[in-house]
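Worksheet: the structure to be examined is printed underneath.
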Amino acid sequence: MDVQMHEVVLETDDQQPIHNAEENRPRDPPLKDSLVESTTPVPILPSIQSPDIPVEIESSSEDIRPKYRQRYLLSGHTQSISSLKFSPDGSILASSGADKLLKLWDTYTGEIIHTFSGHREGISDIAWASDGEYLASASDDKTIMIWSLEDRSAVKTLIGHTNFVFCVNYNPNSNLLVSGGYDETVRVWDIARGKPLKVLPAHSDPVTAVSFNHDGTLIVSCAMDGLIRIWDADSGQCLKTLVDDDNPICSHVRFSPNSRFVLASTQDSTIRLWNYQTSRCVKTYTGHTNRTYCIPACFTATKDKHVISGSEDAKIYIWDLQTRQILQILEGHRDVVLSVATHPTKNIIASSSMEKDLTIRMWFDE
């Protein structure tokens, strides 16, 4: 990144470790680490318990509070808006909803570009291919559809899940998809063949989120059983299982940009940052409300290191990644903020809501 940064120690929160953590272990020297930059694959040692160590990550050199303001209000969906995703270059915002539609919006003008239709039931999640030419959508009709922006039509339908498909994501090369659903499986798809390469009996409850890491070697999944699992993408082997003592339903999980941490949203109104190599939760973010719906949290991609999430109190919360302090609360929605997305290069947030407020709001840090 073309910005000057300095390193700050990310101290672990004062909380209980997960079940398999060892007590009274000696501390090693701090591990130099970053949420953003990485040049080598992250090793996984599933059978070895690492010491609980502080982690250094990069942070902005100035503590400046964000000043996000609503710029656009986008209307068009007729039922709850389930997912928002910016295109890889940030120029297009894609949205999906229970109205079975997938819509494309111009990020910088707020104007509608196109509406895709074809699913027979509501859409729960969407994902962009890395080239920005294709979108995947996961639906309650048990299928995943691949949409071409050039052709403005569906080019492939992936059939295999036996219940609602709830989550989907591309690998970095965009030749594979990973999906999860109410059939409790995680499936890895060969997009060219349109067939599943692997069907992992991943969880004992519906799978709520799946994602690849930055180099496509790992998959993370979470489910209503409260478990977060790290998988080897090639072999399908489960390398690590993370679970908090209270075992709350896990709504969403994603790797940090360099894949050394995972950010997990749980239905105890808490967001946790896990160092999965040491099986330790190193940060918790609270203040929002999340006890019923699967609400994702995300990182900002700019020099300002923030964690952002929607909330069941109709607000959007922005935390400082390091201090866990709430820096700003965005108000305007009139119902549960079900989805948020952050722009890949600029300080722009998109948010969407449920039945009482079928709008997408675009927030710019001014």
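Going from the start of the chain as shown, residues are counted 1 onward.
Heads up, the Cβ atoms here are built off N, Cα and C, so glycines get one too.
Here is what TrEMBL says about this protein:
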type: COMPBIAS; residues: 20-35; note: compositional bias 'Basic and acidic residues'
type: DOMAIN; residues: 74-363; note: domain 'WDR5-like beta-propeller'
type: REGION; residues: 1-42; note: region 'Disordered'
type: REPEAT; residues: 74-115; note: repeat 'WD'
type: REPEAT; residues: 116-157; note: repeat 'WD'
type: REPEAT; residues: 158-199; note: repeat 'WD'
type: REPEAT; residues: 200-241; note: repeat 'WD'
type: REPEAT; residues: 253-284; note: repeat 'WD'
type: REPEAT; residues: 307-329; note: repeat 'WD'
For the repeat 'WD' (200-241), the DSSP helix/strand/coil residue counts are 0 helix, 22 strand, 20 coil
Using DSSP three-state counts, the residues of the repeat 'WD' (158-199) come to 0 helix, 24 strand, 18 coil
Model confidence over the repeat 'WD' (158-199), as mean pLDDT, sits at 97
DSSP puts the residues of the repeat 'WD' (307-329) at 0 helix, 14 strand, 9 coil
